[in-house]
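K.L.:
Feature list, courtesy of TrEMBL:
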- A:323: active site, phosphocysteine intermediate (ACT_SITE)
- A:260, A:261, A:323, A:324, A:325, A:326, A:327, A:328, A:329: substrate binding site (BINDING)
- A:592-614: compositional bias 'Basic and acidic residues' (COMPBIAS)
- A:111-487: domain 'Myotubularin phosphatase' (DOMAIN)
- A:592-629: region 'Disordered' (REGION)
């Protein structure tokens, strides 16, 4: 089971989870896998030891299960395939509808009102004399994917709004996403205009004028088309496209070049493969990273955010953002820009608000993008993954600027896919209302807020965000790293690395306790007790971090040698004519090719010191080429 | 000769006294600044005692022939992360000093000329621009009015930045007021190290066979060897090893009594020579246990080829109890070229993502880090887990050998992971063991000079240690700042620690009497505060680093040191330090 760790146990299937319980009587470690987290179930050809199942999860974990009886295996496979993928339109089978976290009705209702978007708009300073709420979409008549409450320029009359929406793909007309109080400039969002090669629409042109006028003192706006220019031009042939600068006065058009969801989907698959490589050489790894193109895409999204933030904060110019439908790349660009502009969104609650606003309320297609239901595989794409990664990359660059830690981002990522809560279900506000989700499911936000102690970044400096309100990240390629926490599960079998953050969190908790104690005792410190507490906490951390066993990495080359020799001899290759293999990868790739039974390799690797010693000596024998003697 | 020097001195002092008052006061300020500042740290002091003036005189006199223009007014200095500044540039025998014109709080910038790796000059009209590329990877620009002045300055920098003669180098002149030549030089000695390890006294002894450096010119005077092997046998074994570096003990593993030995390659040659004494020496090492491992840090082909030039490896028939493992750890020219490529890639902001990743890959630096760490891991595994003694060597035994044994000791031994322990380890395994610092660190990544024996092996070590620190932030007693400081000091230093190529050379140049010791300086309370790891918690367990490519990272703190990126990370470090201090205060009340 699982990466590198092999263990024997019993597999249980329930209506919602697969549960694997290890036989080891001391630990009886349990591994729970939610069916909705299962991305695919594979059944490779049988090996002598039994039939195999490979479970690929949506959080990129991979589990291998070896089942002795073939018939059992087939049964389990069939059940898992059925359970992990509810049919089209079958929301009723989703886990959130059966998930009951033991709270009463009031608490559930409270959980849904935990995030209040209107108060966030008020925090931004709208409505005001520039931006007002419009009732145009209160029944979702103008645009069925937008929320009912929308903010538009004060000078935009209802006729302009409806006219503009008719000229925009899926009726997604320009609305306010973020209002920057310091410069009075705004970030607005919409979808592409239905301009074709020569079409124009007076109301839409007036709408853009109105956006500009809502930023007193500016004489133009930026229109950011987040697509590569070529894609935008190709769209013109289908009667869509981009704003013609001759028709719209006072706009500056800017293309950013974020690729479409299909490119992103295949790119992510490649980086997942990189993360799954067993023991690649540095060269393989960096090539894999380059070929996946993933970091390039992340950079493009961040660049879009930086462009918008600069325009708003430094130039004081409003920006209108769109892509094709205005719910994927637009959402990414707007939310990254808001994060850079406003320190509030860098807090735990702030990030929830940001996601609720830019992603959930503005109609991001969660059900399609994250395959909650069995649907068109071409609609699936890691749009949200990329946003969360952008936030992570920023937090790596500004370690003190974010209140939350990596775990918070990873938890959100899990819940976007898990369907455990109703928050990320459905494709729009309207759909969620029709599904009566608030009555039937729970919201994830209040749960995350309850657990916020786990998500806190101990290095967060609130006062820093006052002096450094706008983040100005460097987007030079060397600032980007692979997000190990999400894509690399190789190391999970090894003792986890020490984390200074955990240490500091424990410490901060400690010092808070001390403070309370001091306050309570008023100057009668019990030093003995404190040092005691201190020791216990930190040693607990230590032990988690340092295993007495070396990780498998050094052993792999040696193991690899032993196996490679055997294989090569089996293949009757002349040893002395072959170049010697010293790099672990070369051996290992061989190993993989010739040895489909990965499970048995895993268990070998687990088998302990004595075995390893004999292996390393066999490795030594190989290193000594017999020909030399 | 003496008369000549006397005259020269008189002449100089005369001219010195004649210079106008203002000029002199500025120079004095400069001198005071030079002597109070340390390793680039900016401390400004106007106090000037008599002694420092004398030293300054001497320094100027001996090198003044290379200085045509000593002072330039109205120069402009551009350095990374700072706005351009206008002020006075001053060239002394060992420094470049720039003082800006801010009347209220004059800022000084001091650069050791030795730190300069390459300069480029560009003339436009009557003024010139000198781009200075430092060995610590910083790139500066100086705009100097006057073509002749500019050329003079450039020429002085070129000559003075690569002085060949050791005794002319700055450490021989550096006399800060708070340190004295009478302070102890070095942290420990072979004898002291031996006396601390009482467990091994019944089987091992200290031999002073090399007391006059005749047996091995690159070893220290005393080495630890098996008790059963007498000095005569050592002399014979030394003849059988490259450069006389016969196998000596470098680490004793207290938990199981196993040891790490290091040496150079045996000189078996094409006709497979043998040496009985060498075989006996190694047999004495594993006396009582069944076998030992030899880790050869060359590939087996390289080892084979070495026989053609008189080198070789331990054959199985002659050393039947030793199992040989080959792991190719890059060193020499290939490593230097790797560094050059990496620095070039980091210096260019205009690359797109694909180009950056392919340049990073192409430099191979991270691959070298990976191999070094995994080979050290293998060595530690042999000793700690398998319970066998190990001999490690490459060809000369002065480069990758030391790298591997040092990292392995850090992995296994908690004593090496404290601040003192780490510095003592470096002293033992690099300074005393004869890593040729002067040859290896003559130039860094920017130099256009033809490569001779430069190779960033020590930098690779620091990178490996940083990877350990990155993976185990609580297990090491020192901080990234220490590694950065060491990386800078190895290439250009006010201290004598990294001068010369061996103990013998240091003895000849009287380094220990005439210079100050960096390691001692780093352990002073003030410095210790910056270089200790606030999160340190001693652990007795071995720290096994992951060598998976995903676990290894570019050492941004060093390679991107002069970018904004590094500043944010430093802020975070500072924040951690403050939190710990605050917390400790609280625990005390």
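The backbone N, Cα and C atoms fix where each Cβ goes, glycine too.
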K.L.:
Tell me, what is the mean pLDDT of the domain 'Myotubularin phosphatase' (A:111-487)?
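P.N.:
Averaging the confidence scores along the domain 'Myotubularin phosphatase' (A:111-487) gives 92.
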K.L.:
Pop the Cα-Cα gap between residue A:329 (substrate binding site) and residue A:323 (active site, phosphocysteine intermediate) into the table, whole Å please.
P.N.:
6
K.L.:
Tell me which residues of the chain lie with their Cβ under 8 angstroms from that of residue A:260 (substrate binding site), as long as they are six or more apart in sequence?
P.N.:
A:227, A:231, A:324, A:329
K.L.:
What are the sequence-distant neighbours of residue A:327 (substrate binding site), meaning same chain, six or more residues apart, C-beta distance under 8 angstroms?
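P.N.:
Listed in sequence order: A:145, A:172, A:191, A:362, A:363, A:364, A:365.
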K.L.:
Could you tally the C-beta atoms, other than its own, that fall within 10 angstroms of the C-beta of residue A:325 (substrate binding site)?
P.N.:
18
K.L.:
Just to be sure I understand the packing, how many Cβ atoms besides its own are within 10 Å of the Cβ of residue A:329 (substrate binding site)?
P.N.:
29
K.L.:
Near residue A:323 (active site, phosphocysteine intermediate), how many other Cβ atoms are within 10 Å of its Cβ?
P.N.:
28
K.L.:
Rounding to the nearest whole angstrom, report the longest C-alpha distance spanning A:260, A:261, A:323, A:324, A:325, A:326, A:327, A:328, A:329, listed for substrate.
P.N.:
12
K.L.:
Setting A:260, A:261, A:323, A:324, A:325, A:326, A:327, A:328, A:329 aside, what same-chain residues sit with their Cβ within 8 Å of the center of the Cβ atoms that define the substrate site, listed in sequence order?
P.N.:
A:191, A:226, A:227, A:330, A:331
